[in-house]
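Visitor: The structure under discussion is supplied below as structure tokens; questions concerning it will follow.
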Amino acid sequence: MQLLGTLSWLYAIQASIGSSKAVTADYGSCHDACTLLSGTLSVELGGSHVSDYKHYPTIANGSSVASLFWAQQQQSAQPACLVHVYSPQDVATVISVSRSTNCPFAVRGGGHSDIPGASNINGGITVNMAALSNVELHESEGLARVGAGARWGDVYKELEKSNKTVVGGRLTGVGVGGLVLGGGLSHFSGLHGWACDNVRNYEVVLANGTLVIASNSSNPDLYRALRGGGNSFGVVTRFDLDVFQQGPMWGGLHVWPFQPSVTSAITRGFVEFAHNAPSDPHVSLFAGLGYKQGGFAWAVGQYDALGRVEPPIFTQFKDDVEVYGTAKIVSTARLTSLSDLADELNQSEPAGIRSRFTTATFTADAELLILIVEFFEEQVQKALDKGLDKDQRFAPMLGIQPLTQNLLRAQETRGGNVMGLRDLDAPLVVCSFGWEWSYESDDKVVIDGIKAVLDHSVSAAKEKGLYHPFKYMNYAALDQDPIESYGKENIEFLKRVRAMYDPEGVFTNLVPGGHKIN
């Protein structure tokens, strides 16, 4: 209670000098901020490395703090303190102290980002949301109340008890909050749109410590801004997600060796699927070319929400030696639960590695995709020649995912979002260039390689008239500006909403992680 009284006094002082003055970060104040917070909240003061901290009380089996962060870049950050929050009121207290002292902070939801500062922060306050991970089905309302600290595996396993699910991520270890605030592609996007299009209500702590609900009828401008607009408006502590009936699904990974005939068949089949997808919105597809020690391989993920085995729309991906020039290496396709499929994909992204993603979007075209594959192979080989061949965890990946006409129509049916995409532009393909490696000493080689693939791909697409400016926030690198790609009208709207709900720029200036509105 003493701390709350102190905060009230601090707010009175701030109000007297004007509430619209922009805040500026002051890392030198963070020791005082952490001391203030330790009077009321569960706080662990900084050590020399994140692994020096005590175990989070919310983590079972004595897991280390570092295990809460997927990428090595996040694991190695050294915050001034770690704060465990157990309620929205705790979050409000952290924001109040940060605002009063100008100490920057980061919010850890699922901890799956590789962008520095996104979920762990050097010298500032790291807020652990792991305790806010409840998943409650409210069947009569047709929604699930999901804490912002939950991961998708937790959500799916709980809802499967009632044969229900939501539009969410495809890996069990990805956090709910980050994925939804950045848009969120899903196995169900062809029918229901992005994950953000399926949020009924957001529970949000604002910069002034107020707890509000953002919905279509309450704070509707904030509600729309949160649908793909990122973390510039507040800390979301709960998502109320629309639920629907879901039984067993059919799906899995189909793996082929990397050779020209396979590349041609997969890219052409992918583009054909992207055009035909509106005829069967219950299916989803992605493809990826990856490298691990031993060579390259193609993987195609095929999924059917109705549980149909090999639905006709996937005919072009059957094990046809005449088309592919070779047989599949393996297929994991089976009839199973969504959570099991999410577990399988999660195994492809082990924690503790260094990671960097970047992205671009193009009109779906097989010839362009084949060119991008060539650029990717060339840059991976250059990285191997520069010493990455000795890194057993070096795993570059080129991913392609369709943005189909039915997906973009579904987003409008469900109220729309701020990402600026139109169904007339479809089908599009989102390319993700995600490289994983072990050692900081190889950062420059990897980052240069990723940039070269991206630059060559964008240049080729522009030359062919196939470039689209959209950048998917959840795949965008730190030096990319996804919000800039949303279009002038949406950018101006987001600026107005930010000025209305955060006039001092707390979530712009004191939360450095994530993509901001420029």
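Any Cβ shown, glycine's included, is placed from N, Cα and C.
The feature domain 'FAD-binding PCMH-type' is assigned by Swiss-Prot to 75-246, with sequence analysis given as support. Among the features that Swiss-Prot reports, N-linked glycosylation site is placed at Asn61, Asn163, Asn208, Asn216, Asn346. Among the features that Swiss-Prot reports, pros-8alpha-FAD histidine is placed at His112. The annotation signal peptide is assigned in Swiss-Prot to 1-22.
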Visitor: I need the nearest neighbour of Asn163 (N-linked glycosylation site) among the recorded positions His112, Asn208, Asn216, Asn346, using C-alpha distances.
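Guide: Result for Asn163 (N-linked glycosylation site): the nearest of the recorded positions is Asn346.
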Visitor: Return only the integer: C-alpha distance in Å from Asn208 (N-linked glycosylation site) to Asn216 (N-linked glycosylation site).
Guide: 22
Visitor: In the three-state scheme derived from DSSP, which category covers His112 (pros-8alpha-FAD histidine)?
Guide: coil
Visitor: For Asn346 (N-linked glycosylation site), what is the tally of other C-beta atoms lying within 10 angstroms of its C-beta?
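Guide: Asn346 (N-linked glycosylation site): 19 neighbouring Cβ atoms within 10 Å.
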Visitor: Cα of the residue listed as 'pros-8alpha-FAD histidine' to Cα of Asn346 (N-linked glycosylation site): how many Å, rounded?
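Guide: With the alpha carbons as reference points, the distance is 11 Å.
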Visitor: Take the domain 'FAD-binding PCMH-type' (75-246) and average the pLDDT across it for me.
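Guide: Here the mean pLDDT over the domain 'FAD-binding PCMH-type' (75-246) amounts to 97.
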Visitor: Within 10 Å of its Cβ, which one of these glycosylation sites (Asn163, Asn208, Asn216) has the largest number of other Cβ atoms?
Guide: Asn208
